[in-house]
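The next block holds one structure in the form of structure tokens; read it before the comments.
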Amino acid sequence: MLNSVKKLLGDSQKRKIKNYEQIVNDINQLESVMETLSDDELRQKTVAFQHMLQNGKTVEDIKVEAFAVVREAAKRVLGLRHYDVQLIGGLVLLEGNIAEMPTGEGKTLVSSLPTYVRALEKKGVHVITVNDYLAKRDKELIGRVHEFLGLTVGLNMSQMESIDKKRAYEADITYGIGTEFGFDYLRDNMASSKAEQVQRPFHFAIIDEIDSVLIDEAKTPLIIAGKKSSSSDFHHLCAKVMKTFQDTLHYTYDAETKACNFTEDGITKIEDLFDIDNLYDLEHQTLYHYMIQALRAHVAFQLDVDYIIEDEKIMLVDIFTGRIMDGRSLSDGLHQALEAKEGLPITDENQTQASITIQNFFRMYPALSGMTGTAKTEEKEFNRVYNMEVISIPTNRPILREDKKDVVYITADAKYKAVCAEVMNIHKKERPILIGTMSILQSETVARYLDEANLPYQLLNAKSAEQEADLIALAGKKGKITIATNMAGRGTDILLEKGVHELGGLHVIGTERHESRRVDNQLKGRAGRQGDPGSSQFFLSLEDEMIQRYAGEDVEKLKKSLKIDENGLILNNKIYDLINRTQLICEGSHFSMREYNLKLDDVINDQRNVVYKLRNNLLNEEVNMIEIVIPMIKNTLTVIAKDHLLEGMLPEEWDFTRLVEDLKAVLSTEEIPALSANNVHSAEDLQELLKDTLTSYIERVNALESDADAQQVLRQISLHFLDSGWTSHLSAMQHLKEGIGLRQYQQEDPARLYQKEGFEIFLHTFSHFEKEVALYLARYITVPQNI
């Protein structure tokens, strides 16, 4: 069997497969040995492995025997034996890479191997699934194997109590969805004591459907937000103004990146309407913020594609799955701008208190691996961003699905009529049909055409999400026609009814190319699972969104030379080159956007790491707070000197009165040496004059070292000022990000400017935090009983 692996995989992977082949042979040779062991003897292997690791052996040293142990345990507990290709998948994951395995090839069983080996290190292993149902299912299934071998297994779910979460994280292996692990990380970094934190340091994670998590959701930030009031009238006014703006004249919109900005004419119009001189003045920052969000709501978000309205509320739709993101809202006033656009009541605005992107969250794991059926097309990105390779694992059974050639029509109307004709033809044979669509809007369009053709169907989109499991279970029945958005793709199985195999299995129809070949492959993969028969075909048109967005001009040039039949079908083969090229351009554009956004997010990620490191230090009650605050006092004095002893001004022009007042406040004394242009010509002069005063004050501060109450007060107040400052800083960075795109017109690199100006904002935020702590300490020393 392993010889056939070499033929199935490309030359680039042959060396790796050779290595895996030898390791799998070694594992197989141990199978008969493991079969002779009693349950207790097999369980004792876990203890032996742990001792070996504690005494200097590595995971590499024990992996062969450990894999053999897990295989034997799975046979006894589940009645399932790992195939050779599943062992290869486990080895790929153990190395921190991606195992590409089609759905139905037993990825869940594969994950049992590396999770066991890495859990032996007693540092915790996280298994990430795409939803709570799968996390619970996999924990209960594979967890039985690991518990049989003496390991502990936990489940991390939303809405769990902190004590239960802590228990889940203390387990050797913890299952859950990625966003919940991310939110726990943010909550831990908002905790007011160490006891409230639930996570251990990150060690090793395996992500199921890794492409969905690390590619599709890469830009999605995890946000913990508080509420702040928002001006309902102002949002409605800006929405009303926006309706008078014209594309190109007043604003630009890049459909590829969904980036929008005001033109000079647009800026002038805003300034005239609101009777202001310069929109970019600091005093008009709020107006600019409301207007740019109104613009985004107006042009970048489409009803029944990006969101739906339910009970007078905006419900966001996940564009990757088609599911409603219940409880999620857009931040920084964009959600309110959408409400104003649709004439809905304005809700309170979310103010970000903590955030992190999926990308930067998972990059914190020292070792990361994953499984998916579709990752090879994104291998470059996985390698560049996460330093992971994609290894294609062959199927245990051959794939019988027939992927038919795409058909391309001149108009969308001709395409949908052809889809109806195809559905009618296949429906007569009683084969089940799944029609995949890009959005709610498109699924309802397809439904209208099927209604006109009197074809029965089930419609499955975000508006019918609660019926998803029931509807998808029926999709493999004889004569069943199912229209589905992307939501029907992952985490659900279409089981073929008895007799459907003989009819040819499930037929999948794609109604539009997705913006990634990977997502197209996911749709095709709904048919022909686990060796079932099946087929797929895409019906496209030159009016499809991807074609119009990325190749509109090319299409117009090409139209004159196209041969078209009476049904609107394009007969020229060169149209396929255009479509394939367009999809590659689209993929490249999205990759570039993710790369650009990662550059921007890396700036705030570095800042977050500094703040969270300090915060965890503050939470540590063994840390002496006096050792933390004394440098803050000295830094604050340096900043005060810099603020008052301004370069480019003569000492006679410096405001010594204000300087003395600020120094008195920080040093908690009225006895500041006389300061004037006569004795202060530089910061060094000031430092020398304040030497004795500062020494005396530091002695008073050091006296608090043995005062437990003072230590606790300083700890809590420092946390308060740090959290408050960080919340304000996140808002400032968001506003900087909003305006940074405009700098392109000034021939400046936006990413570099964001880094430079973001660093300046961060320095200001940090200085302000240190000054607040220093001032509080000065007041506390003076009158501690009143603070």
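Cβ coordinates are placed from backbone N, Cα and C, and glycine is handled just like the others.
As recorded in Swiss-Prot:
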type    : residues                                              : note
BINDING : Gln86, Gly104, Glu105, Gly106, Lys107, Thr108, Asp493 : ATP binding site
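Shown on the structure are the features that Swiss-Prot records.
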| residue | record | CB count, 10 Å |
| --- | --- | --- |
| Gln86 | ATP binding site | 26 |
| Gly104 | ATP binding site | 18 |
| Glu105 | ATP binding site | 24 |
| Gly106 | ATP binding site | 18 |
| Lys107 | ATP binding site | 23 |
| Thr108 | ATP binding site | 17 |
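Gly104 (ATP binding site) carries neither a helix nor a strand DSSP state and counts as coil.
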